[in-house]
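Novice: I'd like to ask some things about the structure below.
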Amino acid sequence: INTLIANNIYDAAYPLHDGEYEGENKEMNDRKLLYQEWARYGAFYKFQPIDLIRKYFGEKIGMYFAWLGLYTEFLIPSSVVGIIVFLYGCVTIESDIPSKEMCDQHNAFTMCPLCDKTCDYWNLSSACATARASHLFDNPATVFFSVFMALWATMFLEHWKRLQMRLSYFWDLTGLEEEEEHPRPEYETKLLQKKFKTEKSKIISQDKEEKEKLTWKDRTPGYLVNFASILFMISLTFSLVFGVIVYRITTAAALSMSPNESTRSNARVTVTATAVIINLVVILILDEIYGVVAKWLTEMEIPKTEKAFEERLILKAFLLKFVNSYAPIFYVAFFKGRFVGRPGHYVYVFAGYRMEECAPGGCLMELCIQLSIIMLGKQLIQNNIFEIGIPKLKKLFRKLKDERPEKKESDSNPSKQPQQWELDYVLEPFTGLTPEYMEMIIQFGFVTLFVASFPLAPVFALLNNVIEVRLDAKKFVTELRRPDTVRAKDIGIWFNILSGIGKFSVIINAFVISVTSDFIPRLVYQYAYSHNGTLHGFINHTLSYFNVSDFKAGTQPENSPFEQEVSFCRFKDYREPPWSENRYEFSKQYWAVLSARLAFVIIFQNLVMFLSVLVDWMIPDIPKDISEQIKKEKSVLVDFFLKEEHEKLKLIENFIMHDKGRSRSEPRGRKNRAASFCQFSRSKQGSFTSFSSRHTDV
């Protein structure tokens, strides 16, 4: 310790690890046992030793790994169902009538140009590959899968409450009450500064000093800065999303002017892929920035206790990272292609660039691509590479920093073995469980919120979590200093966040199915407009006519070989034809489909919410065996107190009877002494009724 202080590298105190986790020493300890049975990638097939984790790291960390294990276990059935839904799309792709109609070159749907001047008319059959790929995720099975995942989220939370209760019982946490925490040093400092500023600070009584606390007026500057900063950060996220949208629009326009035919034909794929990668890089950078900003903003609020500090930090970090992670996905799902306009009356950005449209097969396929790349990129880069690489780099930096003092000491004592505190000092300090929970909560959002567009999301989450469990285990056992043991009987505010995401996912999936996919338009056509109750003619039904002579001057295709042949082009929308009185206005079919979409959202949301409440009611929060055991223990405890009180009453009655018998044969003076002693006994022990009242309290 003197060496550390002398070299100015003293750090905060921390618990020491239980010896080495590997080496020639054959003596078994808890750390070595954890490494062999839990913290190795080769042990991925083994169950987690939750009791040993709790014994070594404490209840709070034990609860985290128990929750992570249950979440990973629950991903198995959802992955199986997701694979079945995907395979259903693969099997039925050949029998999908709309895809066949779109791929049929004999239909000859001549589509309106995708851009002004440079783009030409094109045939809908050229988008055959996109239409077939969209069917893999846009089919009736995805509706069932959305309902299944909503119920899955409810069942997961209910089973976690049961497991949490079981662990609390076996870990002796059922009677754990929240103790009054000591104020944080920052809070005490601010309170002290407030007292010094007041004129009566020297004459405040001790009672009033104890009641002194920071009021909302003292925290108002911090709250205002918090509100303004969070609004700024959310606006920054939206601005960057808009910047990527501008990039997509301008790049698509530039590629469409290319003289190379292959470049023009692959413009949509190129723009989509590069834009998603840019979004991923922006999300990764902003995630790190928002983590630091959330901590700084929370410190400005001056929370009184560590628990209040942690909860406020979690809420701010989750809000910022949630908006950051899902803003690009929300844009593709609900806004892209909604504000395009129509031929002859398009909506322009920066006075020359048309708003981007969805692909001919719809935006669902692009939503699937966006979701998969962002989800896999975050899991691979942020959750795995960052977690492995950054601690190792910090450990190496710390080693290099302390190399000279250690070298001098080793030269003076060449045979001396390093002590455990010296080995642990090189390790990275433990900074809390918030980053671990945060990455899993964001992943839970990817699995539940947009699962209607990407049924394989649970599969990729499961594969990631199998590695994540061992990665976190290895980090805790080998890379981090041993944290202080903290008792906790639940996962705190994270459960409320999970519950909120589960309820929010029902609404999001309802809108994805009704607005983003073609499920509702197909349903309306099949039962309201089809002559034979099938989807034959669906593509023609969804395409409107436009007279090419109605193009604005300077926007029609230049040097088009089809200029003399094309009188009408088609575009995807429900609008009146040019020969109608209300030309290009929304048709009756548009309002019918819109009504059906809104009705589906209401029915889907209420049905799934009702089923979720039913599942919640059917699954008790406390397991039956634990409930019976608690009742049995209470019964034994009550019997014990009854027996004890009965023995006390019997002993007092025997003593009184014995005292009365002796008083008859003794002189009067002894009688007075016995009576006074009896009175003293009763006043000290209480009346007989007091014993029964005590038993009632127990």
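For all residues, glycine too, the Cβ spot is worked out from N, Cα and C.
Note that the structure is predicted; figures quoted are calculated from it, not measured.
Taken from TrEMBL, the feature domain 'Anoctamin dimerisation' covers 1-50. The feature domain 'Anoctamin transmembrane' is assigned by TrEMBL to 53-633. Annotation source TrEMBL lists transmembrane segment at 64-88, 141-160, 223-249, 269-293, 313-334, 440-463, 491-513, 590-615.
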Novice: Hey, which bits of the same chain come close to the transmembrane segment (223-249), Cβ under 8 Å, at least six residues off its ends?
Specialist: 216, 271-272, 275, 278-279, 282, 286, 290, 293, 297, 300-301, 316, 319-320, 323-324, 327-328, 331, 349-350, 353-356
Novice: Please indicate, using numbers and ranges, the residues of the same chain that are 6 or more beyond the transmembrane segment (64-88) and have a C-beta under 8 Å from a C-beta there.
Specialist: 47-48, 50, 53, 136-137, 139, 141-142, 144-145, 148-149, 152, 155-156, 159-160, 163-164, 167, 433, 436-437, 440, 444, 447, 451, 455-459, 461-462, 465-466, 468-469, 472-473, 491
Novice: Any contact between the transmembrane segment (440-463) and the transmembrane segment (141-160), i.e. 3 or more CB pairs below 8 Å with pairs at least 6 residues apart?
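Specialist: Answer yes, regions in contact.
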Novice: Which sequence positions outside the transmembrane segment (269-293), separated from its termini by at least 6 residues, show Cβ-Cβ distances below 8 Å to it?
Specialist: 229, 233, 236-237, 240-241, 244, 247-248, 251-252, 255, 263, 317, 320-321, 324-325, 328, 366, 369-370, 373-374, 377-378, 381-382, 435
Novice: Given the model, what does the mean pLDDT over the domain 'Anoctamin dimerisation' (1-50) come out as?
Specialist: 70
